[in-house]
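Here is what TrEMBL says about this protein:
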DOMAIN    5-344  domain 'FAD/NAD(P)-binding'
BINDING   Lys60, Gly124, Asp328  FAD binding site
BINDING   Gly286  NAD(+) binding site
DOMAIN    364-475  domain 'Pyridine nucleotide-disulphide oxidoreductase dimerisation'
ACT_SITE  His466  active site, proton acceptor
Amino acid sequence: GKNEYDLLVIGGGSGGLACAKEAAQFGRKVAVLDYVEPSPQGTKWGLGGTCVNVGCIPKKLMHQAALLGSALKDAQHYGWNIAQPVHHTWSVMAQAVQNYVKSLNWGHRVQLQDKKVKYFNMKGSFSDPHTIRGLTKAGKETIVTAENIVIATGGRPKYPTHIAGALEYGITSDDLFWLKESPGKTKETPNIILCSHVSLECAGFLTGIGLDTTVMMRSIPLRGFDQQMASLVTEYMESYGTKFLKRCFPNKVEKLESNRLQVTWKNTDLGTEETDSFDTVMWAVGRAPDTEALNLEAVGVKTNSETGKIIVDASEATSVPHIYAVGDITEGRPELTPTAIAAGKLLAQRLFGQSSELMDYDNVPTTVFTPLEYGCVGLSEEAAVQCYGSDNIEVYHAYYKPLEFTVAERDATQCYMKMVCLQEREQRILGLHFIGPNAGEVIQGFALGIKCGATYPQLMKTIGIHPTCAEEITKLHITKRSGLDATVTGC
């Protein structure tokens, strides 16, 4: 045909790269355009998208750093003599994490070369439905044409627009993982962070490595997650040392002569205005889709006017033929790496591999890597009640104590799990929620069962592995409805 490429992907993140590599496996001519606009604070990074550079990967590694700090405390109960006091050096951790991320950037470049995918380090915008204008950092222009175009530009953290000083003095998760020096220079309150699951995860590991960390939140923690679980997560964090300013919202940020940042906020409970000073202010108030530069209006790709995300159908097709979108940029989809990867691969298979299989976005498991992790799959209790009515669901639950916590004399008050089932004869499992160590590892296998339509009686026939935390799920027998004490006793 007249077009240079069979497929052009805009955005070299999880979804875009997966789609491009899969299309190349079918022997198609594929190109990827990727460009990282520096953050307002000037942070930039390489190929691979959010997850690799400023998301899941550095976050989990820094979470691990914090867990090791807790393990050092536990170790003494187990007979290890550890010289006190121990302290953490941010720069050593940051360097190691950043080096690993750079190795992943390199790996992605190599994979594209191996699969003969052309890589352009350019910012793309539409001229017409088959033509993209690419601009390099230096302003050099390249025109690329393709039969099919996939938009996979993802999202970037939002800055609050109505708060004076927010942009000048605040950082976001885009910057945090690339800081060379610790965000907390002093012992008193270095950090203040605003709420989303990103902020809880970051506040958790910052607290864990010994920084005095405060989370300010306007309303509920972990919006979109089960609220009983969300409050247990924040309760544990409070006992772990993270400070919370609840039902507060900031008005302004100012720089003091000491270089510290003074934040003024309104406490809605008391109706008062309060201030304090911090070393670092980090905004974690959600993410916005990266569509500005794409010139979507020119080709008529429809977006949701409220969220700015691209509207797609079940086959990831936009409102314009031959233009598709996957990942965080798409309206109503989970903002998760594995869903973007799966959707990108399936899209390439439908376009070039005679497949008709659509992505199934139901029962997608996920985990929040807070100090005490929260993993879940399926419906929250609220969503199940909304869908089926409270009379038609049965919730089995338990408070348990991980064996490792006993000798270490750790508080397990928030170690909790619940399973939401349909009330009918089979008792199909609608949702599973687990708070405790290694929540992601615990939930992953159960996600298969729930995907396959597992029922409560089938789970009861499943033998647990002793002694583990995950086995407690196979022993769930107390219903919320019964009102009985749900604390697990015995070993």
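Note that Cβ sites are derived from N, Cα and C of the backbone, with glycine treated the same way.
All TrEMBL annotations are machine predictions without curation.
What you see is a predicted model, and the numbers here were worked out from it, not measured in a lab.
Shown here: features listed in TrEMBL, placed on the structure.
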| residue | record | Cβ within 10 Å |
| --- | --- | --- |
| Lys60 | FAD binding site | 16 |
| Gly124 | FAD binding site | 27 |
| Gly286 | NAD(+) binding site | 18 |
| Asp328 | FAD binding site | 30 |
| His466 | active site, proton acceptor | 8 |
Problem - Residues Lys60, Gly124, Asp328 [recorded FAD binders]: greatest CA to CA distance in Å - result: 31
Problem - Per-residue pLDDT averaged over the domain 'FAD/NAD(P)-binding' (5-344), given as an integer - result: 95
Exercise for the section: Tell me the residue counts in helix, strand and coil for the domain 'Pyridine nucleotide-disulphide oxidoreductase dimerisation' (364-475), as DSSP assigns them. Expected result: 38 helix, 31 strand, 43 coil
Practice task
Would you kindly give the Cα-Cα distance separating the residue listed as 'NAD(+) binding site' and Asp328 (FAD binding site), rounded to the nearest Å?
Solution key: 12
Fill in the blank from the handout: Once DSSP output is merged into helix, strand and coil, Gly124 (FAD binding site) belongs to strand
Exercise for the section: Can you figure out which of Lys60, Gly124, Gly286 (the binding-site residues) comes closest in space to the residue listed as 'active site, proton acceptor', comparing Cα atoms? Expected result: Lys60
Problem - Nearest-integer angstrom distance between the alpha carbons (Cα) of Gly124 (FAD binding site) and the residue listed as 'NAD(+) binding site' - result: 24
